[in-house]
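*Asks:* Structure in C-alpha cells, see below.
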Ligand SMILES: Cc1ncc(COP(=O)(O)O)c(C=O)c1O
Ligand SMILES: N[C@@H](CCOP(=O)(O)O)C(=O)O
C-alpha cells in the first residue's frame with residue numbers, strides 16, 4: 001500500500017497571510033516560500049533562566065535571513081507597479097535577499113555595500129544571484145543615503161526597510177509566533193541595526209491584538225552592538241564598529257518607529273559587547289545546536305547579560321528572534337573560535353582514537 005500524500009505545503013508569507021497584508025490590488029506573488037520558520041525550544045536558556053525560551057530561527061529562510069519575509073512583499077509590489085530594477089544599501093543580508101527575489105522576478109538588482117565590510121558569504125549570494133554590486137568607500141549609512149537618492153532620481157525601486165512593504169512582510173514573524181504559541185509571549189528579544197525588524201514585529205503584534213488573535217502584546221527588547229548603539233546612546237554614531245557586521249549601522253532608518261515599539265511595549269534598547277556577542281554565538285551553537293551569525297546572537301547575549309545582572313524571568317515566556325544563519329559568516333567563526341578546530345593525525349585508526357580520547 002502506498003503512503004498517502006502529505007498535502008500541506010507552506011506557500012510563503014504572502015499566500016499564507018494575504019488577508020493580513022496591506023497590499024495594492026492585483027499584486028503578484030513573487031515568492032521563494034519564505035517564512036514558516038521553526039520555533040526551537042532553547043533547553044539551555046530555559047534551564048538557565050527558569051523561563052520558557054523559544055528561538056525563532058530565521059536562518060531557515062530561503063536566503064538564510066529574516067529579510068526574505070520583507071523582500072517577497074517589497075519585490076512583489078514593486079513588480080506589480082512596473083519596476084524593472086531594484087536597489088538597496090546593505091550590510092549583506094538585504095542584498096542577498098534582494099538579489100534572489102529580483103532573479104526570481106527577472107528584474108535588475110543593484111546593490112550598494114560598504115567596501116570590505118560585508119561577509120564573503122553574503123557577497124557571494126548577491127553576486128551569484130546576478131546582482132550588480134557597487135562597493136562604496138564609506139559605511140552602510142552612506143550607502144543608504146546614495147540608494148535613496150538613486151531611487152528618487154532614476155527608475156529604480158528602493159527595497160530597504162524604509163519601503164513600508166518590507167515591514168508589511170516582516171510583521172508576519174509575529175503572526176507565526178502567536179499562531180504557534182496560542183498567544184503573544186511575555187517578552188520578545190531581538191538584535192537591532194537599521195531597526196526595521198523590531199518595528200515590523202511590533203506592528204504585527206499590535207495588529208493581532210486588534211483583530212482578537214491574541215490577548216496581549218510582549219515587551220520588546222532590542223539589543224545593539226556596543227560600538228554601533230545609536231538607539232541606546234540617543235544619537236547617531238558616525239563611525240559604527242562591531243564584529244557583528246550585519247548590525248554595523250550608525251543611523252537607523254526606522255529610528256522613530258523602533259523607539260515607539262520599545263516605549264509602547266514597556267521595553268528598551270540596550271547594548272552588548274562584541275565579546276558577549278561571540279560568546280553567545282558559541283554557546284547557542286554548542287548548547288542548542290543552532291548556528292547563527294554574530295549579529296543574530298546579540299539578543300541571546302542580551303538575555304545572558306540581564307540574567308547576570310539579576311533580572312528575574314522565571315515563569316515567563318520569552319521569544320528570541322535569531323535573525324540569520326551562521327554559515328553567512330564563517331570567516332568570523334573560524335578566526336574567533338580557533339581553539340575548536342584542527343586536530344591533525346596520520347591516516348591511522350589508532351592515532352584518530354587517541355586524538356579523540358577514545359583509548
Ligand atoms: C542578521 C541580522 N540581524 C539583525 C539585523 C538587524 O535588523 P534591523 O536592521 O531590522 O534592525 C540585520 C540587519 O540589519 C541582520 O542582517
Ligand atoms: N542588516 C541589513 C541592513 C539594511 O537593513 P534593511 O532592513 O533596511 O534593508 C542588511 O542586511 O543589509
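Note that Cβ sites are derived from N, Cα and C of the backbone, with glycine treated the same way.
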*Asks:* Among 323, 332, 336, 338, which is the one TrEMBL gives for the pyridoxal 5'-phosphate site where 93, 193, 194, 195, 196, 197 also bind?
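*Replies:* TrEMBL names 323 for this pyridoxal 5'-phosphate site.
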*Asks:* Please identify which of 194, 323 has the densest Cβ environment, defined as other Cβ atoms within 10 Å, among these binding-site residues.
*Replies:* 323
*Asks:* Measuring Cβ to any atom of ligand 2 with a strict under-6 Å cutoff, which of the binding-site residues 193, 195, 197, 323 qualify?
*Replies:* 193
*Asks:* Which residues of the same chain, at least 6 positions away in sequence, have a Cβ lying under 8 Å from the Cβ of residue 93 (pyridoxal 5'-phosphate binding site)?
*Replies:* 63, 64, 65, 66, 67, 122, 246, 323, 324, 328
*Asks:* Restricting attention to the domain 'Tryptophan synthase beta chain-like PALP' (30-324), give the mean pLDDT.
*Replies:* 98
